[in-house]
Amino acid sequence: MSRRVVRQSKFRHVFGQAAKADQSYEDIRVSKVTWDSSFCAVNPKFLAIIVEAGGGGAFIVLPLAKTGRVDKNYPLVTGHTAPVLDIDWCPHNDNVIASASDDTTVMVWQIPDYTPMRNITESIITLEGHSKRVGILCWHPTARNVLLSAGGDNVIIIWNVGTGEVLLSLDDMHPDVIHSVCWNSNGSLLATTCKDKTLRIIDPRKGQVVAERARPHEGARPLRAVFTADGKLLSTGFSRMSERQLALWDPNNFEEPVALQEMDTSNGVLLPFYDPDSSIVYLCGKGDSSIRYFEITDEPPFVHYLNTFSSKEPQRGMGFMPKRGLEVNKCEIARFYKLHERKCEPIIMTVPRKSDLFQDDLYPDTPGPEPALEADEWLSGQDAEPVLISLRDGYIPPKHRELRVTKRNILDVRPPSGPRRSQSASDAPLSQHTLETLLEEIKALREQVQAQEQRITALENMLCELVDGTD
């Protein structure tokens, strides 16, 4: 008798679990706009969710610790004149987020560590260059202040957010609407999918399509694609019979997929979330109530089904926490933030281990918050891998970095010479705008304290009257 050999993998038993009810974020009016983006962005400090807003577009930003019911008057980030379609946190500054909107603009915002008293309405900078709605945003993985946007005008623009300049405009690559854009690990190449059913790999600085594959999936529904750690491509799409598919491609040989997995028949576009540290891809379909996950390896069949996390409620969107925001002492290897109609629920993916010591094999060094290049260095042709950090002692997010306003760069800039040092709010020059904001915040807090003191005095008087009455 031949014995069936079970594939060895430390990720075979990864399981998903919804967080306890008190760890969810309740009473959030998640946006109902028809758009296939994740509607949610998360980093080690904040959770951002696109919400319903009358007369414009808005999103809410909550500190991760602010779980439970969210007050209906909680301040929003408002400023767009039409619905917000996509949001993305800057990988090199946990207080900076970009938003894209139906109003054709991209806005970049600085989020304070304290809870603001009123809506945030003034962005750091507004980027205007698209002629139709902007539906896709993606920060460069290694270069400081480099942001990509893609619009309904079939144009990809790469911006230097620090100066507001257009670094590159790719306006003749796509004949139809762009469905997804993804950088590779060092930000030298882009993978795009388009309504014309073509998967393209683009060198943005040369303005060239390096490789392309027409109809990687035969079906009519939209495609998605992400790069793997070793430069291959994962694509999700539909077969001719409307079965959902996951395919692995080698860009050096686009004739046939390295592997092809067929799943179920459903309408929902599969959003792929790829973790390069574990080489696991998680597939979340809008309208689905499950998350499927697969391990990608160098051995046939290359794409290995691991498991499915299932729940009762369908998901409206999904946020994916960067690795540095996970709890390493609990062997957590991924965390999702699942959007329901009125709440956001964390879902934790864990590798079962008996020891609560740091597990080296689960947590290789991972990209940290320090950029490897400046924007002009990247534009001139330099490439650099992400600056890695160890998670052995956990990750503590740096304190809020105040904006350093200079003509060249309105986000923080690297000192021109000498050893690099992190900039704190105390040694950053304060702009007039910042001083006015701080004074307003102090005044509002004083008014609140005064109101609370008056309330306490009134309650004490009532208490005294009650005591006197009982006597």
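Glycine is no exception: its Cβ is also placed from the backbone N, Cα and C atoms.
In TrEMBL, the coiled coil annotation falls on 435-462 of the listed ranges 71-98, 99-126, 435-462. Packing against the repeat 'WD' (127-169) from elsewhere in the chain are residues 35, 37, 82, 85-92, 98-108, 175-178, 180-183, 185-187, 190, 192, 194, 204-205, 207, 367, 371-379, 383-387, 408-411, 413-414: each is 6 or more residues past its ends and has a CB under 8 Å from a CB in it. Helix, strand and coil residue tallies for the repeat 'WD' (77-119), in that order: 0 helix, 22 strand, 21 coil [DSSP]. Confidence in the domain 'DUF1899' (4-68), given as mean pLDDT, stands at 92.
Break the domain 'DUF1899' (4-68) down by DSSP state and the numbers are 3 helix, 24 strand, 38 coil. Residue counts for the repeat 'WD' (127-169) under DSSP, helix first, then strand, then coil, are 0 helix, 25 strand, 18 coil. Residues 31, 33, 35, 37-46, 48, 50, 53, 56-61, 63, 66, 125-128, 130-139, 141, 144-145, 147, 149, 151, 159, 161, 322, 367, 369-371, 397-401, 403, 411-412, 440-441, 444-445 of the same chain sit 6 or more residues outside the repeat 'WD' (77-119) yet have a Cβ under 8 Å from a Cβ within it.
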